[in-house]
Amino acid sequence: MHTLVEEQLFLSKTIFEEEVFSEGFSIIAGVDEVGRGPLAGPVVAGACILPRGKIFAGVNDSKKLSPKERGRMRDILVNDPDVYYGIGVVSVERIDEINILEATKEAMAVAIANLPVHPDFLLVDGLHLPHKIPCKKIIKGDSKVASIAAASIIAKEYRDDLMRELHQRYPDYGFDKHKGYGTAAHLAALKAFGPCDCHRKSFAPIRRR
């Protein structure tokens with residue numbers, strides 16, 4: 001059971017959705033990405049439609065949750081029959097080809113296309129997304145909007161799982177720990193072993209090698 005405080009906190013994150021509902025839209029998807037900054041691995045986007053009026057206590061920006069909390073919330077969301085979500089993955093090769101910003105937009109478009117239900121409005125974290133569906137950019141939306149926060153949780157957990165799989169193929173780099181971000185340990189591994197196939201060749205630390 002969730003507490004009254006948790007319920008109120010969640011409801012405070014549905015204000016943007018309620019404003020859009022009041023304008024006559026009925027199916028609202030939150031959209032977010034993870035993995036723009038890492039030196040390795042794909043960029044992943046999530047799109048999520050939450051059922052109106054249902055409380056999901058604990059939904060928050062994925063970066064503000066512990067791994068345990070995030071995993072628990074991911075399981076709650078993806079196993080709820082009233083929650084609809086889609087995931088988009090854009091490869092390292094594609095990132096290097098079109099740049100990370102365009103790759104992020106592409107991942108978002110794929111995530112939206114992969115939703116099992118078609119939304120009629122999009123709330124997008126931080127980016128203006130050219131799309132045939134009406135959309136609104138929300139700065140720091142993953143901490144303000146419930147559906148964007150849910151999308152961020154689903155995308156983050158999905159990408160972390162992919163990076164753990166890459167660790168099995170390339171164990172020298174520690175992808176299971178830093179998930180491709182440019183930590184001191186990752187930079188040291190790059191210096192020792194050079195880049196592997198899943199490193200982003202267009203990113204400065206790898207491009208300079």
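Just so it is clear, glycine is given a Cβ too, placed from its N, Cα and C backbone atoms.
According to Swiss-Prot, the feature divalent metal cation binding site maps to ASP32, GLU33, ASP125, an assignment based on sequence analysis. GLU33 (divalent metal cation binding site) counts 28 other C-beta atoms within 10 Å of its own C-beta, drawing on all protein chains shown.
According to Swiss-Prot, the feature domain 'RNase H type-2' maps to 26-209.
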Neighbours of ASP32, GLU33, ASP125 excl. site residues, C-beta within 8 Å of centre, divalent metal cation = VAL31, VAL34, ALA45, GLY46, MET108, VAL124, GLY126, LEU127, GLY141, ASP142, ILE148, ALA151, SER152, ALA155
Tell me, what is the mean pLDDT of the domain 'RNase H type-2' (26-209)?
-> 95
Fewest other Cβ within 10 angstroms of its own Cβ, chosen from the binding-site residues ASP32, ASP125 | ASP125
